[in-house]
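Colleague: Feature table excerpt (TrEMBL):
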type     : residues : note
TRANSMEM : 12-34    : transmembrane segment
DOMAIN   : 16-206   : domain 'Cation efflux protein transmembrane'
TRANSMEM : 40-61    : transmembrane segment
TRANSMEM : 81-105   : transmembrane segment
TRANSMEM : 117-136  : transmembrane segment
TRANSMEM : 182-200  : transmembrane segment
DOMAIN   : 212-286  : domain 'Cation efflux protein cytoplasmic'
Amino acid sequence: MRYPECEVCGKWSPRLSFIGNSAISVFKFAVGILTGSKGLVADGIHSVADAISSLFVLIALKISSKPKDKGHPFGHGKIEYISTISASLFIFICATMIFIDALHSFKSGVREVPENAAILATILALIFSYLMYSSNSCAGGQLNSPALMADAAESKADSLTSVAVLMGLIGTKIGYTQADTVAAAVVALFVFHISVEMFLKGVNGLIDVSMDKEVITAIVDLCMKIGGVEDVKSVKSRCMGQKCAVDVTIDVSSKETVLSVHNIAEQIKKTIIQNIDEIDEVFVKAQPIGKWRFWGT
């Protein structure tokens with residue numbers, strides 16, 4: 001169930017993410033370079049990707065919020081999938097750079113022991129990333145926003161990579177001198193995984209992958225509770241960013257009049273839209289069953 005506050009959260013979360021990730025990336029770079037932490041520098045690159053991803057989200061949300069028009073009868077929501085794919089490609093490039101740098105450092109035998117400041121900086125970055133993840137995940141889930149969920153996934157990845165960096169720093173501190181460099185490689189693997197996951201979600205949205213089975217089942221159940229519906233033959237769905245449309249084919253008695261069938265269809269539309277937040281368009285096709293194949297008036 002969506003709360004009024006979610007609209008406000010959805011508006012401000014990506015802005016705070018962009019500002020926060022921009023600041024935290026500079027912070028990580030500075031501390032990483034000053035303390036000699038490869039893992040923290042790599043995590044800083046990831047935070048740059050986070051900031052750019054948040055910028056994509058801001059632009060996408062601005063465009064997707066435009067009302068429907070003649071040229072875009074289903075709205076502009078699919079732009080959120082494009083922003084997700086764009087961010088995933090950039091993040092993939094960042095992951096490649098991180099991994100190559102970590103591999104080079106490992107082969108060169110660099111063994112710089114980081115200072116305590118690097119550990120403290122990583123802990124602070126971890127806390128910030130988790131807070132951003134919580135905010136974006138909540139707003140994205142409530143608003144059914146692919147772009148916000150992608151931003152949340154980025155923040156989650158940043159949290160996980162900060163954990164890897166922290167382990168590497170502590171390992172280096174207690175004598176495992178290559179632990180920090182290995183942590184940078186782990187960061188790259190995490191980012192690789194997130195980028196591929198984001199890319200696939202964006203592509204799925206563009207090619208109209210069906211809504212979750214649980215939602216489809218809920219739609220069928222709602223339809224069957226409406227008087228006059230004999231059976232639900234099919235439910236097809238497609239999403240346009242935060243909003244989705246469904247095509248429902250139902251069986252009704254051939255003895256029903258045109259007016260009664262129209263009323264049944266309208267009741268189906270009203271019921272589905274009222275009970276499932278992410279759906280704002282419902283198209284109903286009624287098929288007559290029974291001895292008589294033609295409806296009377």
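Glycine residues also receive a Cβ, built from the backbone N, Cα and C atoms like all the rest.
TrEMBL annotations: computationally assigned, not manually curated.
What you are looking at is a predicted structure, and each value in this text was computed from that prediction instead of being measured.
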Colleague: Output the single range from 40-61, 81-105, 117-136 maximising the number of Cβ pairs under 8 Å to the transmembrane segment (12-34).
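Modeller: Looking only at 40-61, 81-105, 117-136, the most contacts with the transmembrane segment (12-34) come from 40-61.
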Colleague: On the DSSP side of things, how many residues of the domain 'Cation efflux protein cytoplasmic' (212-286) fall into helix, strand and coil, could you say?
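Modeller: The domain 'Cation efflux protein cytoplasmic' (212-286) comes out at 30 helix, 31 strand, 14 coil.
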